[in-house]
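Pasting a structure below so you can have a look.
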Amino acid sequence: MQNNFDDIIDKLDKGELWDFPGGVFPAERKTLSNQTPIAKLPIPERLYVTVKQHIGVEGHLIVEVGQKVLKGQALTKSMNPFAVPVHASTSGEITAIHKHVSAHPSGLPELTVQITSDQDDKWTQLSPMVDYQNQPKTKVLAAICDAGISGMGGAGFPTHIKSSPKKDVDFLIINGIECEPYITSDDRLMREHSWQIRQGIDVLCHLLKPKHVLIGIENNKPEAIEAMQVACRENPNYRVCTIPTKYPAGGEKQLIQVLTNREVPAQGLPVDVGVIMHNVGTCFAIADAIFAGKPLISRVVTVTGEAVEKPSNVWALIGSPIAHLLTHCEYKQTLQKQSNIIMGGPMMGFNVSSDLVPVVKTTNCILAPTDNEMASNNEQACIRCSACADACPASLLPQQLFWHAKAKELDKAQDYNLFDCIECGACAYVCPSEIPLVHYYRIAKAEIRVEQEDKQKSDKARDRFEKREARLIAEQQARDEKHRLAAEARKQAMASNGNNSKDKIAAALARAKAKKQALSEVDDKAIEATELAPANTSEQTAKAEVAEPATKVASSNQRVQAAIARAKAKKAAAEVTDINTELKDKDDASNLKDEQLKQPQQHIDVKKQPNKVSMSTKTVVTDSIPKAVETPPTEKPTITDSKQAKIAAAVAKAKAKREAQKAANSQVAAEPVSAAKVDNIKTVSADELVKTEEQQIDMKKRRIAAAVAKAKAKKAAEKADKSS
Amino acid sequence: MSLTFAILTALLAIGLLALIFGLVLGFAAVKFKVESDPLVEQIDQILPQTQCGQCGYPGCKPYAQAIADGDEINKCPPGGDATIKKLADLMGVEAKSLDAAHGQEDIKKVAYIREDECIGCTKCIQACPVDAILGAAKQMHTVIVDECTGCDLCVDPCPVDCIDMIPLANNASSWRWNIDSIPIKQIG
């Protein structure tokens, strides 16, 4: 149940406060450093400005290596509302933009702008906004954002976002508690700059319009309380509240509880209970940004610890390496067994990995303790004393959390509200077994965060995988559909153009038929020829039949006879050509003869090769073929005739070739058979020649007859083969 | 007579009831049909969704289905022991160690294409189960690091071997606390 505003004011008027559960009372040790005013440091030679110094996203770099920058010049810029720019802390040259060890417990290198100072410390053009009350809120917020202001208490939340809530604000609480031991930076700031802090509060009031402003300061800082009371005297709405010293009263949720008895819900924000809280350092920076136009480039840092000779507060430029601060405060490493520098307080701070770690916007303390200041790390088993539960300001059960965090039972740890742990370290402080409890919680928290990130990533991956699958299936379907449609279209086209295709088929069939017919015509002609000259063929066969027994009787006689016949045939051919040339047109005939003679000659040459096997048959064949071919010149030299003659010649050649092959085969089988065959052919060709003499009129027919005769001769040869 | 009638009435009444309930159940079966096996969905939620196929199934969902059908729960190297533990809890079986036959738990990696060597063959794009590779034919390809599950499936198809699996850089936000706390000692 949320407390009523009026009840709260009533109670505050009475000077009463609430309390938060738990809490511890560590040694304060603040007097080490709060005795001297905030010192100004010389400008360090090199500054390392980390690009990301707040919660959110970093901006884009707008400078490059080698560029000269002026003090207060912005180094990054972004349109993202969660991005806060960083600025050059002094004038100089950018010598590098690289990864540099960061002010983070991990010490992992992060993108950093390295500025080499020119020691001039020359400011860039500043644009103060003195009449902020007449300016629209968005402009004031933009000015705060552009000044790079993020929460300076610890978390580094962007101030301009915190200052533009969507809900009504009852209380603006200014946190000047500074509850951690050793740290005195806010104390000194309030003592020395209370007026400027009040100016910053004025700006925030203009933006937030809170009903009441509470400035919480622990009662161990009386000077600061006094200074703030003086500064806020004029405004009755500003109330400086003195808070009893108890660690961690400075925790946001704890301070809200102390001042208003309102509890910030788990996973909630203070604004959910009508409260906005800002650190005093942030108020100072806001005043600087609005009234002087200066961006956040320096802050108060407490350099303390017993290993430091002159512990004090210093104005440190953002980006100064802590070594620079430690040198100024005379850090003596010899007082430590091993180098041990802590950034932040002893309760919540972390060891830095290098003395080149830069000061960032949230750095409030550099602690260099001697060995006897720090407890030894001697972890023992948990004895279940529950002292931690009593000390926990968030009313958690640290021993249960420890148990589950150690066993990696992250679900159960979350059941015990691990994420409500503010990591104040009170439990570890009271633990008699010296268990570094917060350490375990941090590891568990980090693991849970990583797990959640993985979960998000895997959900995204699943989503993408499923979408891809769906897409692939859809594409496949689309392809199949396309193919189906195309096939259908083809079928349809075929059906509609069926006549055409049928016609085509019919045409093709007709063509084939015509071809066949032509072939058969040729055959018919050949038959006709054989019919026309039955006497010749019968004579031939008769002669062949006569010759056959003769060959069997005496092969030598045959050879002589063949030679005579050949000579005769040659003579006859010569005679024929003579007569023809006399009768016909000389030119035409001779031309054609030349052509036709050349061709057969070539073909004969070609044929010679397969015939190499048997010389005798070859000679016979070559004899007979020229004879058959030589006859054409006597025919009428028409183009068609010549063509047909060529065809005939080709056919004859083919036949002769086949014959020659057969002859070769037969010769390999038996010599006498081939001789007989040779005679056969010879006689046939001789007869043929005689025939040509007789039938000079119809050359075509005679040529066909010659072919037929050849075929017959072949047959005869076959017969001879068989008979042999 | 009366006995026969009584038996008949009883039979009829029971038969009628059976019919009515049968209809109601049949209607309910159609009306309140469960779309898919919720167990498969639950298993799928646990699996790391790298879609790497190291389990022998073509993706996390098929493996989830296989587990629901009784397959072993220790075949997922990217999920590692954490996933096996969760699956064991869900399935009510004993958690086993990872089956080495399917690979070993490895640090998280993402694919990286050496872009000057890429010939733009699109083979890796086709292999990527989560569409995390950007590119076009004969154009340079690149991996969208945030989307890459590190499944390794793009490495083999690359004809010029220009894909490396590089470990994810450790940054401050993914860093897991690993320091000792700084306890303060009360003195004086």
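Placement of Cβ uses the backbone N, Cα and C atoms for every residue, glycine included.
Automated prediction, rather than curation, is the source of TrEMBL annotations.
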Using only what TrEMBL says about [4Fe-4S] cluster 3 binding by B:C148, B:C151, B:C154, identify which of B:C121, B:C128 is listed for that site too.
B:C128
Tally the residues of the domain '4Fe-4S ferredoxin-type' (B:139-168) by DSSP class, grouping H, G and I as helix, E and B as strand, and everything else as coil.
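Helix/strand/coil tally for the domain '4Fe-4S ferredoxin-type' (B:139-168): 0 helix, 7 strand, 23 coil.
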Given the binding-site residues B:C121, B:C124, B:C148, B:C151, B:C158, state which is nearest to B:C76 ([4Fe-4S] cluster 1 binding site) when distance is taken between Cα atoms.
B:C151
With CB distance below 8 Å as the criterion, list the binding-site residues among B:C60, B:C118, B:C121, B:C154 that sit near chain A.
B:C60
In the same chain, who gets a Cβ under 8 Å from the domain '4Fe-4S ferredoxin-type' (B:109-138) while lying at least 6 residues past its ends?
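Apart from its flanks, the domain '4Fe-4S ferredoxin-type' (B:109-138) reaches 51-52, 59, 144-145, 147-160, 162-168.
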Based on Cβ atoms within 10 Å, give me the single least packed residue among the binding-site residues B:C121, B:C154, B:C158.
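Lowest Cβ count within 10 Å among the binding-site residues (B:C121, B:C154, B:C158) is B:C121.
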Highest Cβ count within 10 Å among the binding-site residues B:C52, B:C76, B:C118, B:C124, B:C148: which residue is it?
B:C76
Using Cβ-Cβ distances, find the residues under 8 Å from B:C128 ([4Fe-4S] cluster 3 binding site) that belong to the same chain and are at least 6 apart in sequence, listing them in sequence order.
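In sequence order, B:L153, B:C154 meet the Cβ cut-off.
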How many other Cβ atoms are found within 10 Å of the Cβ atom of B:C55 ([4Fe-4S] cluster 1 binding site), counting all protein chains shown?
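For B:C55 ([4Fe-4S] cluster 1 binding site), the 10 Å Cβ neighbour count is 26.
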Which of B:C60, B:C151 (the binding-site residues) has the most other Cβ atoms within 10 Å?
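When each Cβ's neighbours within 10 Å are tallied, B:C60 tops the list.
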